[in-house]
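Shown next, in structure tokens, is the structure this report addresses.
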């Protein structure tokens, strides 16, 4: 049999999938990818100006490392169907082997190759979420080593527990639609553990701390909201009524949580804050993540109100624990995920679950399924404990390796963590504006540079490398050297 005949035989043996479902999940996966720059902009805006770009950079680099890990063995460790231990998969799908047109482990509506891509984007968002824990004091290179190890030892087991057909939580009947455990608790609690190992910022850095760019915070939040529609809607794995219900529930929970958070902030501060609305919106989106495919819209209103209030109060936990969770990963993501997961036990409805046309599982308290409450509670405790303890051990172990210490030097914290020769807002480099072109070049050994160019591309204008003043005349050095004092911004 020639190769063409073999290919045709394989195609005939593959299940037939609806092209609309395939297109919908491809688009939903791309929307989830868009959440990575959303997180980057959000974190960058929340940080000080002098450390803003490092958070964009760590999100971009973490995304790339996670893609490699997922292709290498991450998908197999999370979803290989031949592993039956209930805790982690095997290497049957190493390098995406045997992941083509077979029915996916998550739904009969899409093939495994598409399912692996969609789940990879979930992993990327989770990792970028967690890496916010390095804010203003963590180094990027060790964080990338941590990313690969954490994905392997923490995220893959958590995904296996909840979503692999052989996972212990899946078999026990845990309901987790789009990642309250692996994504929200896994990312939020692990971010808290990472921040704990890093230690608190210096007290001077904690005084008068506030977001440096609220516009970026707002932009990042609305990018996340847009991507979250693919995150939750795509978790129905098809263009069906359950996907539409998940999208509606996501919108409602986010809106009500944002309103409640603003009201609570106004009570204390007597002003309406954009950062408060963004924080509340994210809390609602997080709570909708595990619940949106299981509940009625009226239940999502309640979930939004509770998540907006409880996540707001949870921002005080870091002060009680003395852990410098600079971006409130625990309060917004971990607590929001816990709320959404637990409330499924009350509001889960079998009729909503069946809207995708293929799922048939009992709901929660509203369906007289009383045991769902303690199942959900136990799952929350298990994922939280595992995430914190194992993440802290991984971070501490990497920190002890020479050259991979997680935290930057005191001097780098004082000057800012943007040590890669670039800055999120260029005007932090005021010395270039004041020194470039002050003194004429002396001799041919002076290289002229384009304003803002760091790669040594010559130009014929007045701008030159103002850092090299060794060959300037003595009477010009005073003019071309301007001391720039570091600030707390």
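Placed from the backbone N, Cα and C atoms, the Cβ positions cover glycine too.
Outside the transmembrane segment (22-43) by six or more residues, the chain places 55-56, 59-60, 63, 110-111, 114, 117-118, 121-122, 124-125, 128-129, 132, 135, 216-217, 219-224, 226-231, 233-234, 237-239, 243, 278, 282, 327 with a CB less than 8 A from a CB of the stretch. Taken from TrEMBL, the feature transmembrane segment covers 22-43 (among others).
Positions annotated as domain 'Ammonium transporter AmtB-like' by TrEMBL: 23-420. The average per-residue pLDDT of the prediction over the domain 'Ammonium transporter AmtB-like' (23-420) is 94, rounded to a whole number.
Residues annotated as transmembrane segment in TrEMBL: 55-73 (among others).
Long-range Cβ contacts of the transmembrane segment (113-131) within its own chain (Cβ-Cβ under 8 Å, at least 6 residues beyond either end) map to 22, 25-26, 28-29, 32-33, 35-36, 39-40, 55, 58-59, 62-63, 65-67, 69-71, 74-75, 78-79, 93, 96, 99-101, 104-107, 143, 147, 150-151, 155, 159, 163, 178-179, 182-183, 186-188, 190-191, 194, 227, 231, 234, 237, 329, 333. As annotated by TrEMBL, transmembrane segment applies to 113-131 (among others).
TrEMBL lists 143-165 (among others) with the feature transmembrane segment.
Annotation comment: TrEMBL describes 177-199 (among others) as transmembrane segment. Within the chain carrying the transmembrane segment (177-199), a Cβ under 8 angstroms from the stretch's Cβ atoms is held by residues 122, 125-127, 129-134, 137-138, 146, 150, 154-155, 158-159, 161-163, 169, 231-232, 235, 246, 286, 289-294, 318, 321, 323-327, 329-330, 332-338, 340-341, 344, 379-380, 383-384, 387-389, 391-392, 395-396, 399, 406-407, all 6 or more beyond its ends.
Annotation comment: TrEMBL describes 211-231 (among others) as transmembrane segment. Taking Cβ pairs closer than 8 Å, the transmembrane segment (211-231) reaches residues 27-35, 37-49, 52, 122, 125, 178-179, 247, 250-251, 254, 274-275, 278, 281-282, 285, 288-289, 424-425, 489 in its own chain, all 6 or more past its ends.
What TrEMBL records for 243-264 (among others) is transmembrane segment.
Among the features that TrEMBL reports, transmembrane segment is placed at 271-289 (among others). Counting residues 6+ beyond its ends, the transmembrane segment (271-289) has Cβ neighbours under 8 Å at 42, 46, 177-180, 183-184, 211, 214, 217-218, 220-221, 224-225, 228, 231-232, 246, 249-250, 252-262, 264-265, 300, 303-304, 306-308, 311-312, 328, 331-333, 335-337, 339-340, 343 in the same chain.
Under the heading transmembrane segment, TrEMBL lists 295-314 (among others). A Cβ distance under 8 Å defines the sequence-distant neighbours of the transmembrane segment (295-314), meaning residues of its chain 6+ beyond its ends; these are 245, 248-250, 252-261, 264-265, 279-280, 283-284, 286-288, 330-332, 335-336, 339-340, 343-344, 346-349, 352.
According to TrEMBL, the feature transmembrane segment maps to 326-347 (among others).
Per TrEMBL, the feature transmembrane segment maps to 373-395 (among others).
Here TrEMBL flags 445-468 as compositional bias 'Basic and acidic residues'.
If you look up TrEMBL, you'll see 445-489 marked as region 'Disordered'.
Sequence-distant contacts of the transmembrane segment (373-395), counting only residues of its own chain at least 6 positions beyond either end whose CB sits under 8 Å from a CB of the stretch, comprise 146, 149-150, 153-154, 157-158, 161-162, 169, 172-176, 181-182, 185-186, 189-190, 192-194, 196-198, 334, 338, 341-342, 344-346, 364-365, 406.
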